[in-house]
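Read through the structure below, which is laid out as C-alpha cells, and then see the notes.
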Amino acid sequence: MQPLTKDAGMSLSSVTLASALQVRGEALSEEEIWSLLFLAAEQLLEDLRNDSSDYVVCPWSALLSAAGSLSFQGRVSHIEAAPFKAPELLQGQSEDEQPDASQMHVYSLGMTLYWSAGFHVPPHQPLQLCEPLHSILLTMCEDQPHRRCTLQSVLEACRVHEKEVSVYPAPAGLHIRRLVGLVLGTISEVEKRVVEESSSVQQNRSYLLRKRLRGTSSESPAAQAPECLHPCRVSERSTETQSSPEPHWSTLTHSHCSLLVNRALPGADPQDQQAGRRLSSGSVHSAADSSWPTTPSQRGFLQRRSKFSRPEFILLAGEAPMTLHLPGSVVTKKGKSYLALRDLCVVLLNGQHLEVKCDVESTVGAVFNAVTSFANLEELTYFGLAYMKSKEFFFLDSETRLCKIAPEGWREQPQKTSMNTFTLFLRIKFFVSHYGLLQHSLTRHQFYLQLRKDILEERLYCNEEILLQLGVLALQAEFGNYPKEQVESKPYFHVEDYIPASLIERMTALRVQVEVSEMHRLSSALWGEDAELKFLRVTQQLPEYGVLVHQVFSEKRRPEEEMALGICAKGVIVYEVKNNSRIAMLRFQWRETGKISTYQKKFTITSSVTGKKHTFVTDSAKTSKYLLDLCSAQHGFNAQMGSGQPSHVLFDHDKFVQMANLSPAHQARSKPLIWIQRLSCSENELFVSRLQGAAGGLLSTSMDNFNVDGSKEAGAEGIGRSPCTGREQLKSACVIQKPMTWDSLSGPPVQSMHAGSKNNRRKSFIAEPGREIVRVTLKRDPHRGFGFVINEGEYSGQADPGIFISSIIPGGPAEKAKTIKPGGQILALNHISLEGFTFNMAVRMIQNSPDNIELIISQSKGVGGNNPDEEKNSTANSGVSSTDILSFGYQGSLLSHTQDQDRNTEELDMAGVQSLVPRLRHQLSFLPLKGAGSSCPPSPPEISAGEIYFVELVKEDGTLGFSVTGGINTSVPYGGIYVKSIVPGGPAAKEGQILQGDRLLQVDGVILCGLTHKQAVQCLTGPGQVARLVLERRVPRSTQQCPSANDSMGDERTAVSLVTALPGRPSSCVSVTDGPKFEVKLKKNANGLGFSFVQMEKESCSHLKSDLVRIKRLFPGQPAEENGAIAAGDIILAVNGRSTEGLIFQEVLHLLRGAPQEVTLLLCRPPPGALPELEQEWQTPELSADKEFTRATCTDSCTSPILDQEDSWRDSASPDAGEGLGLRPESSQKAIREAQWGQNRERPWASSLTHSPESHPHLCKLHQERDESTLATSLEKDVRQNCYSVCDIMRLGRYSFSSPLTRLSTDIF
C-alpha cells in the first residue's frame, strides 16, 4: 500500500509521531496535542474528499514534516495499527453494513492523541489535560460510532481554543517543526560521530534513528539488543515500525463522558482487556502493567490486541518485506556501490520477511547479527540461519560466505534484474529441555512460534487429541478467552490456522470447528504468555521435540525402505518411515556412541556398547558432512548445558568435535567430568529451578561445609532468581551433587559419603530469597514420634515434588524445638539428601532412622514456631490438615506397633484449588519402631512386585551379605544388576527386605544402569561402612521369615531364575468375549484405517485378567466407518492373524501401523454392561516432565529398539468437573491408553518391544511443572511412549514410581 497523500512518503525531512515521542522521552504538551488535532482533522477531511484515506491513524502512520505539515502513510504494520482501529472495524461488518470511514478515523485519531498524552506518564498520575481537550478526546474515543464527535466539530473546537489561548497564538506548524527538528537534529549529531563511510545519508539516518529509539527505552531489557551485536540499518519506510513508546494509561478526570479502553490497547491487564473497561470521571484506573515493555514491539502488540482472527506469522507473512542494510563497515568499506549489493530474503519466525541488502562476499554471521539485532533477540545461542532443501532445513555456519551457498545466478546478476530468490530462515537450532531455562520472554515466544508452525505444517508429530488441545492453547494465546458474546455455530477463527490440514481432512472442518470451540469455551482462563507457556509445556513432552530430521538411506539401498536420522541434543535417533509415519528403530545417546564418521556419502555411527557400526547413505557427501557437524554441535550444546554454564554464553563447537573411539580409561583421564556424567547416567539434564539469574549457572551445592548462618549471606549474594514466566514463578531449589571419587583405572565413580571427617560429609545448602535454611535435631517421642506431619509436594506428579512438613503436632518434639514451621521442605535427613526421594521412600527412611535425627529444612523466613496462619495456609495448600489426619488415627504412637499395618486413606480434595484431580485411594505402609530387645527384627513392609524400596545396610566384615549378577557385559536381560543370593545371617538377611531376583538400582547415589558387572561390584565394595541401596522388587514375597545367624534361608530357598524374576506378560488372556466374534477386512486409504483404539488395563475391572484393546472412535468417511460392521467399544482380538493377547500398547500400535494395505481384524463385541463405556470427550494431559531422550542398551547387535515405559503411565483416570479441557465429570476411573490410528503423518512410537513396561517402573520424570490442573490421562501415555530406555532410566538420585495422578500422601512421625 502506497502513501496516500502527497507528503506521505517517508523522506529525509519527515518523521513519525512515534519517533518524535521516543526521542523526546515524554508526553506531548497540551498545545502540541491541540496542534496535532487541528492539522490531523484538516488532513483527514481532505483525504476523505479525495477518497484517499485508506489507512489507519496511529503513531506510526502520522508523519510530521520539517515544513510543519502533517500527513498519514499506509505502510504500517497490521500488528501496530490494530490497537488503534475502531471497534466496528475489528468486529467485522456485513456487506450491507459498511462502517463510516469518517467515524473510524475520528476514533483512531482520538486514541492516537490520547496515547501521546499518556506517554511515559506513571499509572497513578492523572493526565495534565484541560477540561475541553479531555472531553473532546473522550468523545472521539467512544465505543459506539454514533456517539463520537465529527471531524467538523473537532475543527471548530480547535478554532475556538486558538482564539481563547492568546492574542498571538503560536502557529500549529511551529509545534510540528520543533518535534521534527528534535529528531533530525539528534540524528545528524550521532551520524557525524559514528558513521563516516556510508554513501547513503538516508540509510544512516534510518539506522541511527532505530538505534536511538531502541536505546532510550530502558524499562524492558528484552527491548534492547546486545551491545556486542553489529549495528544494522533499516530503510526509512520500515524504521518506525520496530520500536515505539508505550504510554501508561492513567486517571481520566473532569469529564462526564466515558472511554472504552479496548483490550487491544497497550498497557492493559488481561482481565480488564478481555471484558473491556470504562474509564469515567473521578475514577482512577492503573491499566498499565509494569511487566509489559515500554517499547511496543510486534510481540507486545500481539499480546495486547483484541479480536484477532489470524496468527501473527500469517498476518506478517502477507505484508511487504522490510528492508534491512548490513552495517556500512561490512558492505561499503571496499568501495562497493549500492547497486552492486544483492537482495537476500530472511524469513523470521513470526513470518515477517526482511529484504537484506548485502554484498556477495558477506558472511552468514554478519547477516545473523543484523537480523537478530533487528528482531531484538538476546539469547542467540539457540538460533541459527538455515536454508531449505527438499523440505528440510540446513543450518549454516557463521563463517560461511553467502556466495558459497547462494542459488545459481544470484552472484552474477545485479539485484534489479535477478530473478533468483535467495531465502534464508531464522530458526531454532538448539532446543532446551525446559522453557524455564530461557531467560527472556521474547526467546520463549520464538520457541512458541517455531513449534506452533512446525505442528501446523506437520513437521512435529502430535496425536489427534494433543493437536486439538494445542490448537485451543494457541487460540487462547493469540485470540484470548472464549468470547462471551459469541453466537453458537458462528465461526470466530480460521480452523486452518490452528489445526493441521490432515486432521481437518479426516474430521471435516465443521466438526473440528465445533470441537475446538467447545474446548475453548470450557477451558480454564488463560491469556497471552501464560497460554504460550502452557503450549510449550505440552510440546516439550512430545517424543520428537527438538529433533532435527533428515532423510537418509540404508546401506543396501532398498527402494521400499525409507529411513531418516533425527539429531537432537541427546543423541541420534534412527527412524524407519512407513505409511508416512516415522518409527524409531534405534537410538544412540552420546554416551553410548563410540564414534561418528563420514566417508563420501556414507554416515557411520559406532555403538560403544555393542561395537556395531551402523552405516547410512545420504544424497551427497556435503550432506553427510553436514550431519556430522550437526551432531558435533548438538553434542557440544548438550555438554554446555550439562556443565552449568549460562545458556546465553556462546560456546565453541570445535571443543566438542573430537568423538574418537577412545578406551574408557583414556576417556576418564582426558575428560573426567564427562566420564563421571556418563557413568552416572545423568545425561546432563538441568532442573529448571537450578538457574541463576542473568549471570546464572548451575547452583551446585555439595554436602561440604554446611553453615546455617552463612546460608543467608550466600543466598543474598550468590543466588540469582529463577525467571518468572507470566503469572507463574518457577521456584528455585538447590541442586545436590553428591561427592564422588573417581579412579581412572577402576572405572566407575564411587560415592564417598563416609570418607573423611563428619564435617566433610555434610552438605551445604543455599537459601532462596525470602527463605531460610535451618538445621534441627529431634528426639523421637514414644507417643508423638518426631512430632510433625509430612506430605509430598503439592504437585506430586512432577520429577521431584519434595517432602514438606504440612503441620506440627502439639506437644511433640518438633514443636518443642521452636524452629520448625509448617510448609518447610525437608532437604536432608541425617546428612542424606532427600532430593529425588518419593514419599514412600522418605516414610521408610524416617521410620527406620534412629531415635535422634537431624533435619535440614528450607522454610520461609520469620519467627520460628507454629504460626496459626502459616499452618492454616500450609495445610490448605496441601489439602490435608493435621486435624483431618488425626481424625483418621494416624498418630505418631502408631509407629510403635510391632506388626505391619496397611491403611487406605481417601485423598482429600485440594483446598482452594480448582483442579481436575480424580479421587483415588493410596495405600500407606507403616514400619514399626526398631525394638532393641527383640530377638526377631521387625517384619518389613509388604512390597509388591515392581515397587522400589530403600534399604540401608551396615557392612559386617566388609560385606553386605548378598551376591549379585548381571551387567551390560553379561547375558542378563537388559544388562541390569540383580541380587543372586542372600548370605544367611548377613546384613541383608537380617534386614529382611531384600529378596533374590530383586534388581539393584542405586548404591550410595551411584546409578548402576549401564555398568559392567565388575564396576557394580566395585560400587558395592566401596570404602563406606554404611551402604544406602535402592532396589526394585521383582517377585512378590511369599512368606516372611525371621532369620537369625543359624538360619539356612539361603540354602533352603531355591535359586530364582533371573529370567523368571522379571515381570513378564500374563500367561493367558481372559477377555470379555461372551459376545459374538466376527472378522472384518479393511483396506487402508491415505489416512489409514480410520479409527482410534485404547488399551484398557486389567486393573480397571476386577474380572479382567489381562489388558484389552478396544476401538474408541470411528472417524467419519474412513474405512472403519464405511465398513459398517465395526462399532466403538469392540475388542480387537487379533490383527492379520496375530493375537493381541498379552501384547502391550506399543506392540499393538506397531502391529496396526506396520500392517499391509489390507488388514484383517478379529473383533469381539462385549455384552452390554460387561465393560464400562468409553469416554468420547477430550481430556487434558498432565503437563508434566520434559521427556528424556533414551535408547535401550543391547548386549547383542539388535536392530530394533528395546524401549521402556514407566509403569505409572499405565494408570489413568478421567477428570472430574472443573477447570481444564475435560468436558464433563465422571465418577468412575478408567485405566486406558489411547492411540489415534489413521493420521497420515502420525508416527508410531516404537517398532517392537521385547519386554513389558513393568520392567522399569522407576523412570525419572524431569522438570515437572507445578500446575493446578495436572492430570494423567491417555494423552500423557501417548506423549510418553517410546521416550525411555534402560540407560536413561533416571537422573542421579531421582526416582518416581508413584501414580502420575496428583495426590497428597501424608503420615505422622
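A Cβ is built for glycine as well, from the same backbone N, Cα and C atoms used for every other residue.
Positions annotated as compositional bias 'Polar residues' by Swiss-Prot: 240-249.
The compositional bias 'Low complexity' feature in Swiss-Prot is assigned to 280-291.
Among the features that Swiss-Prot reports, domain 'KIND' is placed at 15-197.
The domain 'FERM' annotation in Swiss-Prot covers 342-642 and rests on sequence analysis. Within the model, the domain 'FERM' (342-642) shows a mean pLDDT value of 87, rounded to a whole number.
Per Swiss-Prot, domain 'PDZ 1' is recorded for 775-861. Summarised by DSSP class, the composition of the domain 'PDZ 1' (775-861) is 14 helix, 34 strand, 39 coil.
Per Swiss-Prot, domain 'PDZ 2' is recorded for 950-1035.
Sequence annotations record features per position, and here Swiss-Prot assigns domain 'PDZ 3' to 1079-1167.
What Swiss-Prot lists as region 'Disordered' is 214-249 (among others).
Taken from Swiss-Prot, the feature region 'Disordered' covers 266-302 (among others).
Residues annotated as region 'Disordered' in Swiss-Prot: 859-880 (among others).
The region 'Disordered' feature in Swiss-Prot is assigned to 1204-1228 (among others).
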For this session: Count the Cβ pairs between the domain 'PDZ 1' (775-861) and the domain 'FERM' (342-642) that lie under 8 angstroms and are 6 or more residues apart in sequence, then report whether there are at least 3.
Result: no
Seminar exercise, completed: Reduced to three DSSP states, the domain 'PDZ 2' (950-1035) has 16 helix, 32 strand, 38 coil
Exercise. DSSP says what for the domain 'PDZ 3' (1079-1167): how many helix, strand, coil residues?
Worked result: 17 helix, 34 strand, 38 coil
